[in-house]
Amino acid sequence: MNSSDEEKQLQLITSLKEQAIGEYEDLRAENQKTKEKCDKIRQERDEAVKKLEEFQKISHMVIEEVNFMQNHLEIEKTCRESAEALATKLNKENKTLKRISMLYMAKLGPDVITEEINIDDEDSTTDTDGAAETCVSVQCQKQIKELRDQIVSVQEEKKILAIELENLKSKLVEVIEEVNKVKQEKTVLNSEVLEQRKVLEKCNRVSMLAVEEYEEMQVNLELEKDLRKKAESFAQEMFIEQNKLKRQSHLLLQSSIPDQQLLKALDENAKLTQQLEEERIQHQQKVKELEEQLENETLHKEIHNLKQQLELLEEDKKELELKYQNSEEKARNLKHSVDELQKRVNQSENSVPPPPPPPPPLPPPPPNPIRSLMSMIRKRSHPSGSGAKKEKATQPETTEEVTDLKRQAVEEMMDRIKKGVHLRPVNQTARPKTKPESSKGCESAVDELKGILGTLNKSTSSRSLKSLDPENSETELERILRRRKVTAEADSSSPTGILATSESKSMPVLGSVSSVTKTALNKKTLEAEFNSPSPPTPEPGEGPRKLEGCTSSKVTFQPPSSIGCRKKYIDGEKQAEPVVVLDPVSTHEPQTKDQVAEKDPTQHKEDEGEIQPENKEDSIENVRETDSSNC
């Protein structure tokens with residue numbers, strides 16, 4: 001495995017070396033091409049510089065010739081001016097001579113003078129013209145012609161030279177542009193040459209590193225090959241010796257009597273095996289050390305490469321830090337602007353006028369009479385917590401609690417209707433007989449409740465609902481509304497009546513049920529049943545008794561010591577509803593509404609006079625509402 005890995009590494013190194021050499025040769029060829037281009041550009045530049053020098057020399061020669069021509073022109077101008085001055089002098093002299101001749105002629109006769117003058121004039125004109133012509137033709141005309149010819153030739157030469165100068169200037173501009181282009185190309189080529197030099201240097205470094213690694217790997221390979229050969233030869237020798245010793249030991253063991261030589265051979269065999277194991281361990285340690293050295297060398301090289309990469313990354317990090325600082329400054333500026341905008345927004349919001357006051361709170365929600373029934377059921381299930389519930393009864397309930405209690409009460413009542421209610425026995429001896437006024441109200445309420453509970457067990461109750469009169473329902477509604485007004489006024493002054501009034505308001509008015517219960521009640525018969533001796537109460541272990549048809553419950557009032565929720569009826573200002581506890585009482589026979597009416601129809605009116613109407617209506621309303629909830 002090691003030899004195959006080493007061969008693979010050698011192949012990789014050779015391939016990398018060949019790639020580096022090929023890249024190096026390509027770069028060298030490109031460098032030579034760029035050098036040739038640079039030499040050509042230099043030659044062109046030198047030729048352009050030579051042409052520029054020649055043009056400069058020619059321009060200097062032309063300028064010298066132009067200066068010479070200008071000097072010659074100035075000389076000719078001076079000669080012409082001197083010739084003109086001589087001509088003017090000669091004209092003046094001729095005029096003076098004419099005047100003198102005129103003076104001499106004046107002494108002669110006029111005819112002679114006129115003739116002579118005419119002759120003289122003609123002669124003088126001819127003489128002057130001839131003298132001028134002679135003067136011009138002889139002395140100056142040649143010079144003037146020569147000068148004119150020279151001026152024309154000089155002007156032509158001047159024009160030619162001006163044209164040549166313009167051409168030379170345009171050529172100079174072109175040459176200068178070419179030189180600038182050459183310089184730019186030279187700079188570009190120099191930059192490319194520098195880049196290629198850097199690439200060549202990198203390639204040289206890489207090639208050097210590759211060559212060094214290749215040489216090191218070759219040295220390590222040779223060392224490992226030598227060590228492997230030595231180890232193989234040593235192992236083969238030891239294997240041969242071990243086989244010899246095994247044979248000798250086998251022969252000695254075959255012999256029946258062990259000799260001293262056999263013991264010595266065995267001892268030598270043991271020693272040799274120990275030496276073999278020690279040398280094998282040393283060989284393994286050496287191999288491990290060599291492998292660690294190779295790994296360390298590779299690690300050093302990797303560390304060097306990683307350091308170079310770290311330097312590059314640090315430079316990138318510095319650039320990124322600068323960008324980060326700039327972005328942070330921008331973010332701070334933006335935050336500052338955002339804070340200012342938020343302050344402005346807050347100021348604008350603060351400056352807005354305050355909102356109008358909230359509307360007044362809504363009136364308290366109408367309480368539920370089911371809550372009283374729930375409290376009774378809870379007292380039955382949790383008698384120990386009656387005191388805490390009594391303290392909480394004075395606090396006003398919210399709408400959410402009322403709805404929860406309604407739901408719980410309905411669920412519990414449905415469960416009790418389905419499964420049956422386990423009622424506890426009543427201890428009649430523990431009833432305190434104090435305050436006769438309150439006992440009267442309690443008895444009347446109990447009578448009414450018992451009669452209503454009896455009517456619920458009859459099958460004829462559903463039929464009686466259909467035969468109700470609208471007049472009775474209307475009168476019952478009016479009576480209930482009047483009673484509620486009175487109880488609201490009374491409970492506003494008493495702390496115990498707040499819950500009762502709130503509960504009584506939450507239940508909807510059931511006029512039909514109240515009318516049915518009113519027509520069905522016979523107070524005298526109910527009172528007689530209540531006062532009649534009750535059957536023996538069951539023991540706590542017996543449980544509820546099964547009745548034929550249905551079970552009715554007896555309504556009792558317990559003192560505050562046992563229940564903690566007894567209420568008093570006061571004739572004057574304070575009124576409150578009694579807390580009802582349902583106790584199991586086995587009825588002998590289910591009485592219908594007709595049977596109750598047949599017993600004593602005359603006692604209903606007599607009992608109405610004894611019981612106060614307001615307390616009576618409260619108890620009836622409570623029984624009706626509990627009855628409706630059970631339904």
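Just so it is clear, glycine is given a Cβ too, placed from its N, Cα and C backbone atoms.
Straight from Swiss-Prot, the features:
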MOD_RES   Met1  N-acetylmethionine
MOD_RES   Ser3  phosphoserine
MOD_RES   Ser4  phosphoserine
MOD_RES   Ser101  phosphoserine
REGION    343-511  region 'Disordered'
COMPBIAS  403-418  compositional bias 'Basic and acidic residues'
COMPBIAS  456-465  compositional bias 'Polar residues'
MOD_RES   Ser473  phosphoserine
MOD_RES   Thr487  phosphothreonine
COMPBIAS  490-505  compositional bias 'Polar residues'
MOD_RES   Ser494  phosphoserine
MOD_RES   Thr496  phosphothreonine
MOD_RES   Ser506  phosphoserine
MOD_RES   Ser515  phosphoserine
REGION    524-566  region 'Disordered'
MOD_RES   Ser534  phosphoserine
MOD_RES   Thr537  phosphothreonine
COMPBIAS  550-561  compositional bias 'Polar residues'
REGION    579-631  region 'Disordered'
COMPBIAS  590-631  compositional bias 'Basic and acidic residues'
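Taking the features listed in Swiss-Prot, we show where each one sits on the structure.
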residue : record           : DSSP class
Ser3    : phosphoserine    : helix
Ser101  : phosphoserine    : helix
Thr487  : phosphothreonine : helix
**Request:** Sort out for me which one of Ser3, Ser101, Thr487 has the most neighbouring CB atoms within 10 A, since those are the modified residues we care about.
**Result:** Thr487
**Asked** What residues, ordered by sequence, lie under 8 A Cβ-to-Cβ from Ser4 (phosphoserine) and sit at least six positions away in the same chain?
**Response** none
**Request:** Helix, strand, coil: count each for the residues of the compositional bias 'Basic and acidic residues' (403-418), based on DSSP.
**Result:** 16 helix, 0 strand, 0 coil
**Complete:** If you measure between the CA atoms of Ser101 (phosphoserine) and Ser3 (phosphoserine) and round to the nearest Å, you get 145
**Request:** Round to the nearest Å and give the CA-to-CA distance linking Thr487 (phosphothreonine) with Ser3 (phosphoserine).
**Result:** 111
